[in-house]
Structure formats: structure tokens, C-alpha cells
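Working notes for the structure below.
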Amino acid sequence: MAATTANPEMTSDVPPLGPAIASGNPGPGIQGGGAIVQRAIKRRPGLDFDDDGEGNSKFLRCDDDQMSNDKERFARSDDEQSSADKERLARENHSEIERRRRNKMTAYITELSDMVPTCSALARKPDKLTILRMAVSHMKSLRGTGNTSTDGTYKPSFLTDQELKHLILEAADGFLFIVSCETGRVVYVSDSVTPVLNQPQSEWFGSTLYDQVHPDDVDKLREQLSTSENALTGRILDLKTGTVKKEGQQSSMRMCMGSRRSFICRMRCGNSSVDSVSMNRLSFVRNRCRNGLGSAKDGEPHFVVVHCTGYIKAWPPAGVSLPDDDPEAGQGSKFCLVAIGRLQVTSSPNCTDMSNVCQPTEFISRHNIEGIFTFVDHRCVATVGYQPQELLGKNIVEFCHPEDQQLLRDSFQQVVKLKGQVLSVMFRFRSKNREWLWVRTSSFTFQNPYSDEIEYIICTNTNVKNSSQEPRPSLSNTIQRPQLGPTANLSLEMGSGQLAPRQQQQQTELDVVPGRDGLTSCNHSQVSVQPVTTTGPEHSKPLEKSESLFAQDRDPRFSEIYSNISTDQSKGISSSTVPATQQLFSQGNTFPPTPRPAENFRNSGLAPPVTIVQPSTSAGQMLAQISRHSNPTQGAAPAWTPSTRPGFSAQQVVTEATAKTRSSQFGVGSFQTPSSFSPMSLPGASTASPGAAAYPSLTNRGSNFAPETGQTAGQFQTRTAEGVGVWPQWQGQQSHHRSSSNEQHVQQPSAQQPGQPEVFQEMLSMLGDQSNSYNNEEFPDLTMFPSFSE
């Protein structure tokens, strides 16, 4: 204050700095010198010598404020730097964490891709979403809930658990069993183990699966039941990378719960009785064929090969508690194998006694309307021995027995008329080894649905049994036919008017049969004897044809026939008793006694006529076809040997004009009886003369059948036979035969049409006397014909 008073200029010129600085509002006078003041503050020249406490205190107070601001500024910059470092470090840590997370997820996805079979099978690695989707599908397939509800309790509403189980086991043809993986104890086995392994359920309950398998398969079974890591895991080759690594992941996957098990082992087969009704046919066949490992020795168990397929499951299942007395209850959650066992039939040989179980061997064939094979099943090799190409293009009649050919033809014609209906016929089929097999053929036609035309005939041919085992003899064995070579059997389809000369010769040889009873049907003009020609010039033509056909130089057998002809056969008849325009033949040899018993023939030749009831259609047609063998074309003379030449006591001579007016079945100058002759007259005609034995029985029919016009000149003349052998029962009838020899015999017209062949008299004779009742014991060789009893 003293200084201020002493220096007034300074006091007025220089305002005090303290209030100005303190107030912060400088006056107008010092506005222009703000910079100076600032420089003065920087230099602080006047402050050094100012000892005033107030002023000094003011200057010191200003310096402290500036230093504190610098400290704050420096502290703030340090904080900002530290926060930036923290943020940078935080960002780096987050990136590292994300990178690690992505790496882990990639590793897990890769591992999942290796575990899912559908992913590992792809050529290129799929994306993550595809891997996850395939993994879900694979898990659903393992659980078996792909098309069911999420709780896994779905089952068909119309089936109970037992019905569903039986259907599954029947379809699989095996048995279901559940085995504990730790101990091998059998938890459950189905009742179908009995037909498969021949063992009851009681033998499996309470035992272990190790007791049921072969001792050599125990280690394999223990490996399949194991759910832990195997210490001796091998090494596997990764085909993708080409590297060899340990079996780690695959082993873990194989041992995880729900993994599949499929193995083959040998199981013990029991000896309990098998009820064939309670199981299907396939199980019964397998039961008979289960000796695939060879026959077991006495006292040793018998084993069969069983294929087991199943899954490893948790036992007990979730939500199921075992009873306290169960030995598995105190061991916690365990695993079990649920599998189905089936017999491995491929290791079993073919059964040799399958004929008692299986159906007869059969094959399917297709034919056209004519019966020619157009398709043959491959099973024909096992049935008849032929390859399919050996049958294609050939007619089925060619492989049929000659006696059954017409029956087969009729069946084919009938099945065409039935149009879709099944027709069955049984005949003898010639196999490749030349044996006759009884074959039953069920045939039906296939029609085009648009044109309604028959496309083809489908036949199911079943081999019944071999005909060699049949006790039924053929006709060739009963009539003692001589062996004439393989060409003796002719086709039954050809008629008598269609035979070629060579076939006529074979036909004539076929008719050389001893012991024929129905000689009234024989063509007497065709007997190869020395001809006696009368004044009729026209009658020498058929004789010349006969001599040229059966000349001695044509066949060596004819020379023997001609040499054995007795001289009395050429003996002529005086023209006083016979018209001049007729040719005569005579023969004196007797017919040898037939091997048939005499009591089978009755004195029925003179009985009242009986109308024949024609047999059934098939039998009648067969007889009609066989009868064609006995009626060759006119002019062909059969060769009769002395031992087989029949004896006739009368000669029937018919004029040429009369023969021309007759129907085709009445040969020129022949003793041919129509097909409507009663078989009752046949036994008598076998030994007595035809004019004396058979024709008297026809005189009573004169009212019904008038003689044909033009036959007045052709009356039947009779002459006593020389050396004729007569059956004893007919000796008493000779007088009546001779008394009726001069009667005019009227030929009975045939009941059939002219184009229809006459019945083979041998067959009619075997039918026997209709006035008596015959049974099959008297005719054991004719099982194909029904017994005729009236």
C-alpha cells in the first residue's frame, strides 16, 4: 500500500494485475496489451522481485493451476491408450475364440461325416447342412422311426403284438432270440425255434448262447456280443487318403448301441419230434435238409449252419425295471443282442427224398393248335430229359405212346372247342432215355381279346410216375405178336385208303397174329394162296396186284410163306356148284387153339342178336383207329404162315358188279363183317365157318335189313372144310351149320357211315359176352376199359 501511494503514475498507468487475473475480465484499457501481459507472464520478470505475499501468492496460485491441467491431460491420454489397447486385445481374443469354435465345429462335422455311411460313400465332401441332414436320416433308420411317430410306439392297429411277431417270423422263416451281451444268457427265444432247430423253448431258456453254438464258434460269438473297445484293434486302409490308420472310429461305431450284427455260426440241432402241420412247407423241407454238415456220429450233437442278423440294444429298455430276483437287475444298464436266426440252406445238399414232400416234377409248354411246341420250360430237362431246343418245332404226339396218340389228339381238339376251360388228360410220354413216363397234361387255350382267335395252347405237364412200374401190360404182350422190327408200329392217324404200298406191307405184317377170335372180320380174299382163275377175266387183276406186292423176291419172308403153303390150298371147286364168274380160294389148315381159357367163351354164336352199345367216345375212337390196321386197301393180301393161317369151311364169292355197288368198307370178295356185328357171335366165328356160325344168327334180322340189290348172283356158297379144327363146345352145332349153309345170307348194313372204319374184331372179342357179367379179374390186361355188365 505504501508503494502505491508513493508512485502515483504507476498506480494510474498500470492497473493491478491481480484483480484482473482473478476476475478474468480485463478492462478496456488493457485489451490491446493482452499479448504483452502474456509475454510478461511467460518471462515473469516482475514477479521475481515481488515480495508481496499477496501478489506472490497470486502468481503462485496461477502456476499450480497450469500444472494440474497438464497432469490431467497426460493422465487422460494414458487412459485412452490403455482403453485402446484393451479394445484391441479384446478384438483379438474374440477372433481367436471364433476361429477355435469354427475349427471345433468343422472337426465335429468331419467326424460325423465319417460316421454316417451315406456321407462317406459320396465322391466329394458334402457341405455341413447335407452332413447334418444325412446324419438325422441315418439315426432315424437306426431307430426304425423313419415313418412312425417320434415316441417309437407305433404299430399297425389291426395286428396284435403276437400276430405281428408270428408274421415276421413266418416271413423270415427263422426264430427270434435275445441274448445278454455281457453274459451270453438267453433272455428270450420264440417258439419257432422248434421247427428250425428241432429244440423246444425250454432248452434255450436259462441257458447261454455259448452252450448252443459249436465250440469252435464261441470266440466269434463273444466278439460279436462285445460292446467294449477291443485292445487288439487292427489297422485299416483309408481308401480316400491312401493312409493306414488304426481302427478307432470304425471300431467305436461298430461297438456303439444300435449297431448292426450279422454273422454265421453253427448251432446245435435237437432230436424232438417236428409237427409238419404247425409249420410251413419250406420249414419242413429245411428240416429234412439240415444235414449240411454231414451225418453226426452216435452220441455226438448235430450242428447246423445258422445265419444270425440283428442289432445291439439297451437292456433293460428305457422305462422298464427288472424284478429284484433277476440276475441282471443289479448290474445297471447293459446291452443285449436282438437277432433272428435262419438256416443257411445254401450249405445243405439237395435232398434225395424230396418226392415225399414236394409236388411231382412238372414243366410248362406252349403249343399251337396242331400241337407243335412253341415254348418249353427249362424244367423239362429234369422231368423228361429233353433240352428245350430238342422239343421246339416238334409235335407232342411224336413223343406220345402209339396207343395214346389219338386220345391226345382228341384232347387237343376238345380244348380248342372249350375256349379257355382247363382240360386234363393222362398219357405215356417217351423220355430221352426211351422210357415211357406217365404224364398228366392240363391244357387250356389263350384267346386274343380283340380278335377272339385262339393264339396258342398252354399245357402244364406233370410227371406222375414211370410207366415201367405199372402192372398193366400192353396189347402186344397179351396177343403174343411176333417181332417184326421197329417199323411195325404205324401212325394211327392214317386211314386204310391212305396207306402207301410199303406201309401196306407193314400193315399186313402187323396183322400176323395167332389166337385171334374174331375171324369174321378177316378179309378172306386177301389170303395169299394159289389162285384158281375162272372164266371171269376181270377178277385176275387184283390177284396180279397181290402177287406183285407180295412176291417172293420182294421180301425173303415171303419165300418161306410160299414154301409152307400146303397143296390142298390150291384145290379148286367144280364149276357145277359155283357160278362161272367167280374166283375161288380154299384152305384147309386149322386155326391153332387160342391161349384164352375155354370157359370165357359161351355158346352165344346162335343166340338172339343183341344190339351193341358203343363204348365211350375216347375208347370207341381208339378202337376205330386201331381197327384201321386190319383193313388195308383192296388187293393187298396178307401173308399167312401155316401156323397162323385160319381155317375156313366155306368160301364167300361176290361178283364184281355186286362189289362195285357196295360201300367202301365192304371189300371185293371179302368176308368182312360190319362194325355193328354183335360181339356175342365172335367166339363162335373163331372156329366155325363164317357162313355157318355167324350168319345164322343174322337170319333173324331179315325183316330189319333187306339184302342189297345186285347180290342175287352173289349168294354165299358153302363147302365142307377139309381138316377143320372145331372147338369142343361147338361140335354139337355142326349139323345146324351144315343145314343152314344153303341159306341166302344177308349182309347186315353197317350202322356207321361209309367213311367210318369198322371196329377191330380183336378188341370186340376182348370185350367178352355181354350176356354175362365180367369183372376186371378175368381181363387184368384191359384196365383202360370199363367192365361191361348188363
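The backbone N, Cα and C atoms fix where each Cβ goes, glycine too.
Per Swiss-Prot, the feature compositional bias 'Polar residues' maps to 1-10 (among others).
Among the features that Swiss-Prot reports, compositional bias 'Gly residues' is placed at 26-35.
What Swiss-Prot records for 60-96 is compositional bias 'Basic and acidic residues'.
What Swiss-Prot records for 465-490 (among others) is compositional bias 'Polar residues'.
What Swiss-Prot records for 520-537 (among others) is compositional bias 'Polar residues'.
Annotated compositional bias 'Polar residues' per Swiss-Prot: 661-679 (among others), in sequence order.
The compositional bias 'Polar residues' feature in Swiss-Prot is assigned to 741-755 (among others).
Residues or ranges marked as domain 'bHLH' in Swiss-Prot: 89-142.
What Swiss-Prot records for 161-235 is domain 'PAS 1', and it gives sequence analysis as the kind of evidence. Across the domain 'PAS 1' (161-235), DSSP helix (H, G, I), strand (E, B) and coil residues number 36 helix, 14 strand, 25 coil.
Annotation source Swiss-Prot lists domain 'PAS 2' at 349-419.
Under the heading N-acetylalanine, Swiss-Prot lists Ala2.
For 1-96 (among others), the entry in Swiss-Prot reads region 'Disordered'.
Annotation source Swiss-Prot lists region 'DNA-binding' at 88-128, citing similarity to another entry.
Positions annotated as region 'Required for heterodimer formation with HIF1A' by Swiss-Prot, on the basis of similarity to another entry: 112-168. Taken as a whole, the region 'Required for heterodimer formation with HIF1A' (112-168) shows an average pLDDT of 76 in this prediction.
The region 'Required for heterodimer formation with EPAS1' annotation in Swiss-Prot covers 112-264, and the record cites similarity to another entry as its basis.
According to Swiss-Prot, the region 'Disordered' annotation covers 465-492 (among others).
Across the domain 'bHLH' (89-142), the DSSP tally of helix, strand and coil residues reads 46 helix, 0 strand, 8 coil. According to DSSP, the secondary structure content of the domain 'PAS 2' (349-419) in residues is 32 helix, 13 strand, 26 coil.
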